Structure formats: structure tokens, C-alpha cells
Amino acid sequence: MVPVVALVGRPNVGKSTLFNRLTRTRDALVADFPGLTRDRKYGRAEIEGREFICIDTGGIDGTEDGVETRMAEQSLLAIEEADVVLFMVDARAGLMPADEAIAKHLRSREKPTFLVANKIDGLDPDQAVVDFYSLGLGEIYPIAASHGRGVLSLLEHVLLPWMEDLAPQEEVDEDAEYWAQFEAEENGEEEEEDDFDPQSLPIKLAIVGRPNVGKSTLTNRILGEERVVVYDMPGTTRDSIYIPMERDGREYVLIDTAGVRKRGKITDAVEKFSVIKTLQAIEDANVVMLVIDAREGISDQDLSLLGFILNSGRSLVIVVNKWDGLSQEVKEQVKETLDFRLGFIDFARVHFISALHGSGVGNLFESVREAYDSSTRRVGTSMLTRIMTMAVEDHQPPLVRGRRVKLKYAHAGGYNPPIVVIHGNQVKDLPDSYKRYLMNYFRKSLDVMGSPIRIQFKEGENPYANKRNTLTPTQMRKRKRLMKHIKKNK
């Protein structure tokens, strides 16, 4: 399971700045789900190869009425579901009553909490953080998030040791065998026979979507039984349920994000929908089913969730639920809207189903298997280079500064999603339009469906770069004769 780090604190203490610093602003997701404060941010970050989800919980105001009554419900939920909390305070503003109220709440939750004093630029860190020791949260880590000062130390001394304890790196990635074989080819070693077969592994399938789009109904329909979806057990509010199942002789692990709730606490949509749980399920899955409500159409929330799926590189099947009972005219309108708003997702299969009545559900697994097979298929260097050559013959790369970009060869750089690495000269200068052409050409030639495909470009290093030219003996003699001739004619 991908760990979760929550950034907590008063407004304007620098949570968003640290969030952007940790995620490097890539893969950031702005979510506007029901019950969530507008512009709540979720992003993917990593420390030395270990990925985690970072959450900017937004500002929390603690008052004399008690922090629990004033906190945004989603901020409280984020704290509950986080594995570790970075509690941020403003070193310039000093200790505030709201800080004390938040610290009191965090102490009661018994979460791993680290106190981070931000905005220490221009201050004596030791003197600036003295008052915050009264919060009773142990050691204080001074940083200046806007300039990056102290952030590396925070990562190395706080988050990294904690993540090593939570998720040891000994865990072997499913694709490790692929990388070992790839490195062997690169080093000119003979390809060893191995027993690794992606078909022997169960397909991890996550069903995600907004509240009330029919995820639970679809889960129950797939399993062929009514599952109890409300539990009253300690710890069941955080982790998704992993359900092994078999269909048509193929093993699956269904990641259920909709079925775990705490009894008596479901008051509105915010409790029924955990963004964190959904993002963790996406990261852990091989294939993601995105469920959309046909009666409500494509919302901004759907597009935000879709963006996270694409950035994660997961295979995708789009499921339009509640298709039954719609008139033919409405169905045509829904299809037009889908084509317009999802036109950029040309690789994913779209299914129109009724989870309640079961119509169309049986066809979903054919697309799931197709997407998984596409994302894990092995393709050799010779095949990829041949496809690249055919693409160049069909459409030459453009001229860059008067010279034609030369593509030399291609090889596999990874799987799930498939990555094609192309080597050549001036490849970094290729326009985006030609890069898209190559991506689509590889997709069509390899018959990749249901999975994104990524193209990476690498330039060969110029051995003479940054080196001074040296003349050959012949050139030296010619230069001497030329210099004598010039001096004689002066």
C-alpha cells in the first residue's frame, strides 16, 4: 500500500509551498469532490525510489470552541487516514492559540507526527522555535520551504527512516524480472530463460469513481453476491479491501474502495468518499475501472480522477453506469458528450452498463484482460527498432536548425505502462507533434489497447563536446607553411 503523508497546520504557514517542493509540482491533482474544500491538493512524491501520496489538507482554524468543531471534515478525514502527519507552524508569527488547539487534537490521535517550523529564513532557527516546544510534540525541524532550506534534511532524517520502517525496500517489484532481462541485453549478456509470466500473476483491479456512481453495486454484481459493506471494526476505515476472485479461469484481486465504512458516522458524501483510499487503490492496481454516472455525465471530478490515473500510468477501462432506462435520444447525447470531453483518451475501451441489472457487466473483463496483456507484453529491441524505422520512412522527422533529426534505435524501457526508449541525435528538439506521431505509430503497430504508452528520448553523447581541437601532424605542417607565407608577404 502506498503510504500517505498529510501536511497540517493553520492557513498561510507554507503547506502548499512544501507540497509543491515535495511533489515537484508534477502529478499534482486539484480535487473538488463533494465535501472537499475547493483546491484541496493531492500529489505523488518519492524519496529514493519510494513513492508516497502527499496531501495539502488546507488551513485549519482552532478556536475556543474546540478544533474538532472548526476543522473542515475532509481535513479531519485526511489526518485519520494518513500514515504520518507533518504539523507545520509559522516561525515568524510565533506560537498561536490555533497551533495549540491543532497540537492537542494531533496528540489525541496518536499518529506519527513531526513538528515542522517554516519560514526560518533570516532568523536564528534555535531561537525561533523555542516557544513551539511547549506543544509537546518532541523535536522541531526548521525549514524555509520557499527556498528549499532544510527540506532535504527533513526528507532524509524524518520521512525516509519512517518509510523504511513502513515499507521495506526488500519487496520485489513485479516487473523486476523485466528490468533484469533488459539490463542483461544492454550489457551484451546472453538472455537467460526465466519462468516469469505475467499471466501467472493475478490482475489487480481497482474500481474507482465519485460517490453514488454505482461502485458498490458493480462490485457486488462482479462478485455475484451481496457483500456487507458496513463494518464496525477498528482500523477498517483506512485500508481498502483486497478480494481474491476467479473469472473464466483467470485470477483477479479486486481492490474495493467503496465497501469499508464506520457505522453511524455516514452523514454526507464526504464520509462516503475517501480520496486517499482511491488514490492508493490506483497506485496499487494493474488495471483501473473508472465508473461514470450516465445520468450526470462527465464532471470536473471525473476528469481530475482521470488525470491521476493517466499520470500513474495505469491501464484503464471506462465504465458508464446507469445506462438502463435512458431514452435513445439521451443516450446519443451522452455519447456525444463523452466523445467531446474524453477525446484525448483514445486508448481506453468504453462500456455502457447497468450494474443494478447486470447488463453489459460480463463484457468488462475482456477489456480488463486486454489492457493488462498490452501493458505487460514483452517486445524485443529489434522489433521496436524496426517499427521506429517504418515510422521514419512513412514520415520523416522535421529539420532542426537546418539538420535532419536522426533516430538510431529503440528498446524497451519498462512495462506497465509500456515505455519505449528512442536513441538518436537532436531528439530533444523534436516537436511535440512528431512525438505524438511516434507514440500513436507504436501503439498501432504493437496493438496496445487499454494501456497508455510512453516514449522517452535519449541523445548520444558527443565525445568531442567541451574538448579543444588538436591538429594532426599534417595539419601542423600545413599551418607552419601558411604562417611563413603570411609573414613573408607582410
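Glycine is no exception: its Cβ is also placed from the backbone N, Cα and C atoms.
Database features, via Swiss-Prot:
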type	residues	note
DOMAIN	3-166	domain 'EngA-type G 1'
BINDING	9-16, 56-60, 118-121	GTP 1 binding site
DOMAIN	203-376	domain 'EngA-type G 2'
BINDING	209-216, 256-260, 321-324	GTP 2 binding site
DOMAIN	377-461	domain 'KH-like'
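Residue pair N12 (GTP 1 binding site) / N212 (GTP 2 binding site) shows a Cα separation of 34 Å. In space, G209 is the closest of the binding-site residues G209, N212, K215, W323 to I120 (GTP 1 binding site), judged by Cα positions. Within the set of binding-site residues G209, N212, K215, W323, the entry lying nearest in space to K15 (GTP 1 binding site) is G209 (CA atoms). With respect to their backbone Cα atoms, K215 (GTP 2 binding site) and G9 (GTP 1 binding site) stand 33 Å from each other.
For N212 (GTP 2 binding site) paired with T57 (GTP 1 binding site), the C-alpha to C-alpha distance reads 24 Å.
DSSP classifies G209 (GTP 2 binding site) as strand under the three-state reduction. A straight line from the CA of G9 (GTP 1 binding site) to the CA of G209 (GTP 2 binding site) spans 29 Å. In this structure, W323 (GTP 2 binding site) belongs to neither helix nor strand by DSSP; it is coil. Residue pair T57 (GTP 1 binding site) / G209 (GTP 2 binding site) shows a Cα separation of 21 Å. Annotation for G209 (GTP 2 binding site): spatial neighbours K215, L290, V291, I292, D293, D302, L305, criterion Cβ-Cβ under 8 Å with sequence separation of six or more.
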